[in-house]
């Protein structure tokens, strides 16, 4: 099968998947509109049949147009980024629908409320069907991008590992290439690749076996060598990806700056959470969701309080001192999940058992902690022990999403130069590390994840982490 035909098939099936998601969402929106019709006060009766909306062919055309605009047909994105672009395209499409309805004065022929519901329904089915279509095509070898890696250093291997592991992108590694270096072979994802010469890569490119070249810039001695390699292969492959040696520097929140006349490329880093609009947006977001959840939180608090009292004596709530924004000391609330003499029990355990001492130093927790009550174990497994922190959020000490609240001792011991990054924001009930392994993640990785979150904050990142939190809690992943 030719590359052009593959590309066409991939494109057609993506559009078909998007249309299927659209009409499924339209049906869901129609049923929802019928259901809520009696509840809508001072609103005209909804009597339009479903067939009326099915005939409006121009509505899905608007959505597909803005999917094009967001690069969802000709570019590949990791799933979180693709979902963000889908949401953005759906939002713009919904606004465009309202504008057209107002412009053509056709409000009697449509239901603006249904269009609003449609906009809310579309993103998740679209993301789901796109994943299904891509996975199905990739399994059949359609739409795959075969990439070669130039370089044998850690950056080259890490880049290849990421691209191969991100199944949503459809990248397949061909091999590693280089004329220098000590490695004769490289293991990646259970496979061993022999490191071949660059002249062999040239043959593969000429025969059309390579779609993309990933270049570790550290492989070359100077900038001129990089430029020569890039321009000698420009136009021969569909993509050229340069990976600079910037280990430990997060680039998600950076912007490229081009100085064309000097042929200089620069990266500008932004501190999103230091600007007043973003500070207030995050606070309004926290308060809105917390107040909406408050009735349910109060109901669950009453039930959990009874369960705790039935098992053990002592207080229902437990508060501990943690470091908040700007290094201020805050009281963080939780349901009590341990026996009242937990601290004495811990000191005795750590004194008697070296393995538990090592586990405590590594993770700051014990997996099979004998200090935890039966009700407490359930609360921890379901993360319900952290429910009272909603009151910390309303009070303004914490955020729904943020770094894990830590003690001053932990901050001094584990965070080092990243302590100042931690203190730039409010700690959160959930966060990046909680949805990425939770207690199964060692402390140094937690610090890296907290730092990543602060540097790369966006409202979309908060929404993504909150959505993923529900899934992680349901799976009880890494909770103990």
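Cβ atoms here come from the backbone N, Cα and C positions, even for glycine.
Listed features, source TrEMBL:
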TRANSMEM  9-36  transmembrane segment
TRANSMEM  56-74  transmembrane segment
TRANSMEM  86-104  transmembrane segment
TRANSMEM  110-129  transmembrane segment
DOMAIN    282-475  domain 'Bacterial sugar transferase'
TRANSMEM  284-308  transmembrane segment
TRANSMEM  452-474  transmembrane segment
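Within the chain carrying the transmembrane segment (56-74), a Cβ under 8 angstroms from the stretch's Cβ atoms is held by residues 11, 14-15, 18-19, 22-23, 82, 85-86, 88-90, 92-93, 96-97, 100, 110, 122, 130, all 6 or more beyond its ends.
Tertiary proximity for the transmembrane segment (86-104) is limited to same-chain residues at least six positions away from its ends with a CB under 8 Å from its CB atoms, namely 59, 62-63, 65-67, 69-70, 72, 110, 112, 115-116, 118-119, 122-123, 126-127, 130, 460. Long-range neighbours of the transmembrane segment (9-36) within the same chain, counting only residues 6 or more positions beyond its ends whose Cβ lies under 8 Å from a Cβ of the stretch, are 46, 50, 53-54, 59-60, 63-64, 67, 72-73, 111, 113-114, 117-118, 120-122, 125-126, 128-130, 132-134, 137, 142-143. For the domain 'Bacterial sugar transferase' (282-475), the model gives a mean pLDDT of 86.
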